[in-house]
Amino acid sequence: MEPTPEMKRNRLPSMNFEAEILADPHDNSELYVIPSMRSLTAEEYVEAFQSFLDHSTEHQCMDEFNKEVMPHIMAGLGNGKSTINILGVGSGTGEQDLKMIQILQAAHPGVLINNEIIEPNPQHVAAYKELVNRAPDLQGVSFTWHQLTSSEYEQQVKEKNTHKKFDFIHMIQMLYRVEDIPNTIKFFHSCLNHQGKLLIIILSDSSGWASLWKKYRHCLPSTDSGHYITSDSITAVLRKLGIKYHVYEFPSGWDITECFIEGDPAGGHMMDFLTGTKNFLGTAPAALRSRLQEALCQPECSSRKDGRVIFCNNLSMIVAES
């Protein structure tokens with residue numbers, strides 16, 4: 001049964017990500033989920049996500065990080081060993097993985113690289129394998145895919161008592177969909193070799209997402225795409241675990257101008273991705289549509305450039321020490 005609009009029960013990010021609290025929706029008290037609104041399926045999410053990538057600088061933002069910071073991280077890996085072990089958690093179709101491998105090869109010429117991948121989506125695994133088949137300069141690099149979720153991988157490791165260690169583990173934009181964030185971070189951190197590094201890429205607290213989620217998540221359908229979290233939630237977990245870390249902030253933008261053009265298909269996909277809702281513009285109450293579109297134009301969410309509305313998609317790159 002839907003909670004009364006006066007007081008909504010929300011799952012909010014906290015140190016343990018477990019406590020449900022009653023949260024006052026403040027001035028949005030008349031806005032709430034109606035039966036016609038539903039969350040995106042996995043396939044619909046992929047389609048909406050592609051629209052996001054097509055109109056955002058997310059990958060360019062990661063490329064800047066790869067250029068400015070990653071060479072220094074990679075140079076410190078391996079501790080003189082002849083083989084460097086990498087684990088990608090939720091690697092998707094592998095584009096970012098291969099870019100990082102190239103940086104590692106440049107930092108450690110001739111070193112063998114054992115790259116393992118945890119990715120539950122079979123389409124993504126197939127696309128990753130195809131990318132590897134087409135890629136040049138992968139001599140000395142081995143690939144092992146685990147078609148599992150991160151929690152399934154953890155369970156398998158514990159059941160078989162095969163706790164393999166890695167020199168570099170990365171979790172790029174995937175912790176939103178993890179059931180138990182603190183224990184997931186704790187487990188994969190325990191998989192690091194001495195002097196290893198854990199890279200977590202997550203939305204920054206300076207992003208428009210942080211402002212949008214604080215005000216409107218109670219108005220949207222619950223989704224198994226997971227937690228509404230930003231970098232502050234992750235660094236709080238790391239501090240509680242006593243893990244040393246450094247945060248690198250990189251600006252990223254997303255052109256959402258089409259969100260405000262009635263009937264625009266790309267704008268519809270963008271609103272679906274923003275809200276995690278299938279056909280948000282066609283199913284949400286008019287008051288919610290209006291309020292959300294108005295919020296997207298506010299300075300805490302977006303800026304204007306050459307007549308376009310650019311949503312703030314800033315990323316935090318968190319590098320944790322072993």
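Numbers here mean position along the shown chain, with the first residue as 1.
Any Cβ shown, glycine's included, is placed from N, Cα and C.
If you check Swiss-Prot, you get these features:
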BINDING   Glu58, Asn313  substrate binding site
BINDING   Gly90, Glu119, Ser150, Ile172  S-adenosyl-L-methionine binding site
* **Neighbouring C-beta atoms (10 Å sphere around the C-beta of Ser150 (S-adenosyl-L-methionine binding site))** => 23
* Cβ neighbour count (within 10 Å, all chains shown) around Ile172 (S-adenosyl-L-methionine binding site) -> 20
* Structure fact -> Same-chain shell around S-adenosyl-L-methionine excluding Gly90, Glu119, Ser150, Ile172, C-beta within 8 angstroms of the CB centroid, reads Gly88, Val89, Ser91, Gly92, Ile117, Ile118, Met171, Met174
* Cα distance, Asn313 (substrate binding site) to Ser150 (S-adenosyl-L-methionine binding site), nearest Å? -> 25
* To do: Output, ordered by sequence, the same-chain residues six or more apart from Glu119 (S-adenosyl-L-methionine binding site) with a CB under 8 Å from its CB, or 'none'.
  => Gly88, Gly90, Ser91, Gly92, Val125, Tyr128, Trp145, His146, Gln147
* Ten-angstrom check, please: count other Cβ atoms within 10 Å of the Cβ of Gly90 (S-adenosyl-L-methionine binding site), all chains counted. => 21
* Structure fact -> Asn313 (substrate binding site) and Ile172 (S-adenosyl-L-methionine binding site), compared by Cα position, are separated in whole Å by 14
* To do: Any same-chain residues 6+ apart from Glu58 (substrate binding site) with CB under 8 Å of its CB? Would you list them in sequence order, or say none?
  => Phe52, Ser252, Trp254, Asn313, Leu315
* To do: Using a 10 Å cut-off, grab the number of neighbouring Cβ atoms around the Cβ of Asn313 (substrate binding site), all chains included.
  => 21
